[in-house]
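Here the structure is laid out as C-alpha cells; the discussion comes afterwards.
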C-alpha cells in the first residue's frame, strides 16, 4: 500500500507530458513514471454512415489543448465462433459481446480509428528515437491496440541503451474492414482495414517528430493478422512504401504471418460471404445492397457479420474476412507480387511458432477418418484438383508421429486426424509462406526464427501467438528475441546488436549450406536449418493459387 501511494504521488506530481503535432496543435498525455503515453489520438474521421466500409478520411478537426490519457475503443469485433453449428455457444458469446460488462472491459464501436504513442519518460522533440509501429493480430476478426501494452518493450529498450518510441493503432476488422464482393470492388472500397493502417503510418510520418521520434527510422511489426498486415504494407502499390517522397518505414518484422493465400476481392468465397452478410442483414432485395448495409444499425451488422464462419468455427482458417487482391493497392496475387519483386526493399525479420495450426484444428475434431479429412480439404481448397489433394494428403499423412504438435510421437493425437489437420493449417497459413517469402524476396537483408519453446505443452504445443506472452507480459529467455533483438533491429537494422548468446545468421535461401534459422527451445537459443517438411512445401506451393481461399 505504501509503495502504491508513493507511486501515485509521483504520477500526480510529475508534469503531464505534451507533444506538438505537425499542424501546430499541442496535446497532453499521461505520465506513467517509466514512460509517457499519448493514448486514443484520432487519426481518421469516424468511419460511420456513408463512410462505413470505405477507406478512411484523415482527421481534420483541431486537437489543440486536448488530453489523451486513455485508449480509445477498439473497432467493432465479430463473434470468432461465427456460425457455429450449436446455437447455444454462439448466442451466449453474441450476448456477452453486446453486454454492458463487455463494453466496460473491452469497449468497441465504429468510431475507433485512434493511434497511441508511448515514449520513454523525459523524451523531447529532437531526440530522434527509432519508432516501432505495432499492428495487432486477431484473425482480421477481433483485436485492438489496447490489448498489447508496450511497457515491457520500452523498458527493455531503455535498459539496453537503445530507447525506442512505440506506436500502435486501431484498424477496422471483420466486415467493417474487410468486406469483399463485386460491389465492394466496383466502389474501390476493398481492404479498408489496410487503408486504416496506411493512414496511421502516414500520421506517424507527419507527426512523430513532435514526440521525439525519427520518421526516417520507422520499423513496422505485427503478429498473426498483424504480421500478414505488415506483409500487405510491404506489397502496397507494388512495393512502393513512400509517402511525400520519403519511405514510410525502413524495416519490417513479421511474427507468424506472411503472404495471405487469398482470392481477389471479387472472387468466389469473398462474394459468398458478402451475399451471406447481405441476406442476414435483410438487404437481399435492396436495389443498392451496399447502401442498405450502410443504413442498418451497428448491432444488426454485428449479428449479420457473426452469421458467417469465424476463425474458431469448422472452416477455421478459411476466414470470412481477409485482405484480398483488389487490383489497385494489392494489385495481384501476393505470392506473385513477391516472386516478381514488387515488394518494398527493406531489411526484414520473419518467424513462426513450431505448432501454428493446433489451436485452429480444435474446431475440426469431428473429422476422424481419411475420407473425412479429404472432404475437409476439398471444401477448404476449392481450386485444388483431385491430384493436388492427393499430393497434399501424401505429404501430410494421418501418421500421428508426423503431425503437429511436431516431434511428439504418438502423443497429443486427440483424434486420428487432429495432428494431420493441425500440420496442414499451420504450414499453409503461417510456416511455409514464410519460407516461400524468404526464397523469393529480392529486397533487403533477411533474418528468420522458429520457436519450439513450449514443445512439451499438451495438445497445442508451441502454439500460435504464445510469443505475445514473452513480448508484452512476461520475461523469459525468448524475450531476448521478441524484445531485445527486435529493438536492436529497429535501432541498427541488425538483431545481433542485442548481444545475443548466439549469432543470428542471415538468411539467403532454404537450401543454403550453413544454418539459416535462429531457433528457440525450452532452454535457450541456437541455430538450425530451414529444411523441414519439404514435401509439404512442394505440395502447397508448387502452385500456390490452388490453395487460395
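The backbone N, Cα and C atoms fix where each Cβ goes, glycine too.
Because the structure is a prediction, the values reported are computed rather than measured.
Listed in Swiss-Prot:
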type	residues	note
SIGNAL	1-15	signal peptide
DISULFID	75-112	disulfide bond
ACT_SITE	224	active site, acyl-ester intermediate
DISULFID	283-292	disulfide bond
ACT_SITE	356	active site, charge relay system
CARBOHYD	366	N-linked glycosylation site
ACT_SITE	464	active site, charge relay system
### Message
Would you identify which of the recorded positions 75, 112, 283, 356, 366 has the most other C-beta atoms lying within 10 angstroms of its C-beta?
### Response
356
### Task
Taking only the Cα atoms, work out how far residue 292 (disulfide bond) lies from residue 356 (active site, charge relay system), in Å, as a whole number.
39
### Message
Considering Cα atoms only, can you say which of 112, 224, 283, 356, 366 is the nearest neighbour of residue 464 (active site, charge relay system) among these recorded positions?
### Response
356
### Query
Long-range same-chain neighbours of the residue listed as 'active site, acyl-ester intermediate', Cβ under 8 Å, sequence gap at least 6?
137, 138, 139, 255, 256, 257, 464, 465
### Task
Taking only the Cα atoms, work out how far residue 75 (disulfide bond) lies from the residue listed as 'N-linked glycosylation site', in Å, as a whole number.
33
### Summary
Expressed in Å to no decimal places, the gap between the Cα atoms of residue 283 (disulfide bond) and residue 112 (disulfide bond) is 25
### Task
State the three-class DSSP label for residue 292 (disulfide bond), counting H, G and I as helix, E and B as strand, and everything else as coil.
helix
### Query
Among the recorded positions 292, 464, which residue has the largest number of other Cβ atoms within 10 Å of its own Cβ?
464
